[in-house]
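Per TrEMBL, these features apply:
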TRANSMEM  22-46  transmembrane segment
CARBOHYD  Asn97  N-linked glycosylation site
DOMAIN    99-158  domain 'Potassium channel'
TRANSMEM  106-125  transmembrane segment
TRANSMEM  131-151  transmembrane segment
TRANSMEM  177-201  transmembrane segment
DOMAIN    192-270  domain 'Potassium channel'
TRANSMEM  213-231  transmembrane segment
TRANSMEM  243-266  transmembrane segment
Amino acid sequence: LSRDWQGQASSMPLLTMHSQQISWTPLLVLGYLFYLLLGAMVFQLLEKQAETHFRDQFQLEKLKFLQNYTCLDRQALEKFVQVLMEAWEKGVNPEGNSTNPSNWDFSNSFFFAGTVVTTIGYGNLSPSTVAGQIFCVFYALFGVPLNLAFLNQLGKALNSHLLTLERWVQKPGRAQVVQTLAVAIFLTTGTLLFLVFPPLVFSYVEGWSYGEGFYFTFITLSTIGFGDYVVGTNPNKHYIPVYRSLTAIWIVFGLAWLALVFNVGADLMERYLQLKWHKSDLSLAEGDTTKLEDEPEQPRIHIPS
């Protein structure tokens, strides 16, 4: 019986450690929800007042328009506004006239096909015919997995170049330095090619500010794609025929680079959380072991045979 008592005492820290072990997954879920709530509050704080201002300004402009053109009534104006909104939803820019470039020439169609398979979906253009909508469904059904496979292979190719740099160094002491240097070169080069230089081109061609161009670049490569900024849609500008096609190719390679960066960031974040809570569990276990050692030894019970 004395051996059983000692065995139970020796196993108590292990049992205590498992009972107090905290999984980081629920905390990650809570942190994710908190991040969404934080974003919602910040966006509401920043944008709601501006939206109210623009709405009031638009209503004021409609009143001024009715006062200047007394032959129109409010109902006719609202109907005309509805026509404009329907035209915009169909991809027709209300500005300009009927000589505006087509949204469905080969260059623009190539760009649209890229936005479908990459799931960017700007929302400023969509098929209007039943045949086009049905084709778009099946095109995306096979195109999205094909795009993911392509980006996966492209990401592996980019990653293999990083591994090649590591093989150049045979000394173990310098391997970590070369790995860090390779990652730094990869991040710096990709940032320049996909995030820094493109906004300069878009600012020159589209007439945007650099901040607007950078915003469009990141929103596009992250596949968020709001559609508030889209290249090649200004009817007052003359674009070269391959402008949007070249932009689509840039998007594909930029997606592969940014997806790899996101994957690395997610992996590092996951490892950090796992390591943090693993250390917390170990400290709890060590604390329980110390408390058990500080307690006076329990009297042994001897039963005469």
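Here the Cβ of each residue, glycine as well, is placed from N, Cα and C on the backbone.
Under 8 Å from some Cβ of the transmembrane segment (243-266) lie the Cβ atoms of residues 107-108, 110-111, 113-115, 118, 120, 150-151, 154-155, 158-159, 187, 190, 193-194, 198, 205, 217, 220-223, 231-232, all in the same chain and six or more residues away from its ends. Across the domain 'Potassium channel' (192-270), DSSP assigns 55 helix, 0 strand, 24 coil. On the 0 to 100 pLDDT scale, the domain 'Potassium channel' (99-158) averages 88 in the predicted structure.
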